[in-house]
Amino acid sequence: MITKNEALDFLKLNSINSILEKLEGINTQNSSKTITFSKNAFIPVCNWCRNVCGYCTFRNENFKLLKMDEMKEILTKANAFGCREALFTFGENVDENEKVKEELKKMGYYGILEYLYEISAWCLENTNLLPHTNCGILSYDELEYLREVNASMGLMLENSSARLCSTIAHEKSPGKDPNLRIEMIENAGKLKIPFTTGILIGIGETLEERIDSIFEIKRIHEKYGHIQEVIVQNFRSKPLIPMENYKEPSPIEMFKMIILSKLILEGISIQVPPNLNRETGQLFLMAGIDDWGGVSPLTKDFVNPEAPWPDIEELNSFSKELGFELKERLPVYEKYISKEWLDKKVLEKIKK
């Protein structure tokens, strides 16, 4: 077990030998030498959001709300491509936008969650894809409602420090209050929803705040046992965002955070997005990641549209180069495929 003080000392190290010593413990954890990925389709249901984060390009005041037929067409194509995950994403509290609400009303829906539920249920009934929803803060009741049609759900913690709410990253983003995000992650645990969360590196946080965030995820998981994977995501600068000139975290910063995450979060998969780390992905594989996350042969990453997915053959090639076997997985990890963790209709779909 590593303490917070030991973790901080490790992040401050500039000795390659001392850093590599920590890898000995990592290498014994993934003795199977496998790295997983999920073949998915990214469905950006609506790109309006109440949050205006300093690093984001997803939000658009001139929003687009995908029509039901558009989503069904994407899902049908994804099914033909052999995808098994339908990633449904939209901005937080889109119902706050009267124009979005009016569009939904014209189509016969009282809100975005009813709309999402219907397309998710259609997805389960008509394709081999399993829904995974990531749409910002949801209440306990909303999570319970969506659990019926989701194999797993997700919300990035990003960081557990409230200090960032007064910085350029989150000063215009009420939904990035860490207390709200922690409450939702805990509620997902109470409801036994297999869950994905993660931290965002390079948005103005201190080393101590990075460590506190990982330990907060550990605390929640030890209480509820529902966190199946943790994403260690690096900030990437983009043109025309408020944080355009902010420095990106170095590969060594990421390398050390991955090692720490693997040591602290025992039994939880650690993921790094491969499209944000095409040049450094193999380095992070050496540091202990065991999952590449969702990769789509059909749709782009609408949150990071400037960063195309590597194709699966490319992922396979540089995984094999380090002796790892690339293995496809579902959006719900195998240990959560049971009636304890999944709604009956989702479980029946998987067993078919």
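Quick reminder: no glycine exception, Cβ is built from N, Cα and C everywhere.
As annotated by Swiss-Prot, domain 'Radical SAM core' applies to 35-275.
Residues within less than 8 Å, Cβ to Cβ, of CYS53 ([4Fe-4S] cluster binding site) and separated from it by at least 6 positions along the same chain comprise ARG59, ALA169, HIS170, LYS172, SER173, LYS176. Swiss-Prot lists CYS49, CYS53, CYS56 with the feature [4Fe-4S] cluster binding site, giving sequence analysis as the kind of evidence.
Listed in sequence order, the residues ASN51, VAL52, TYR55, PHE58, ARG59, GLY91, SER173 complete the 8 Å Cβ shell around the [4Fe-4S] cluster site centroid, once CYS49, CYS53, CYS56 themselves are left out. Confidence over the domain 'Radical SAM core' (35-275), given as mean pLDDT on the 0 to 100 scale, stands at 97. Each of the binding-site residues CYS49, CYS56 was scored by the number of other CB atoms within 10 Å of its CB, and the largest score is that of CYS49.
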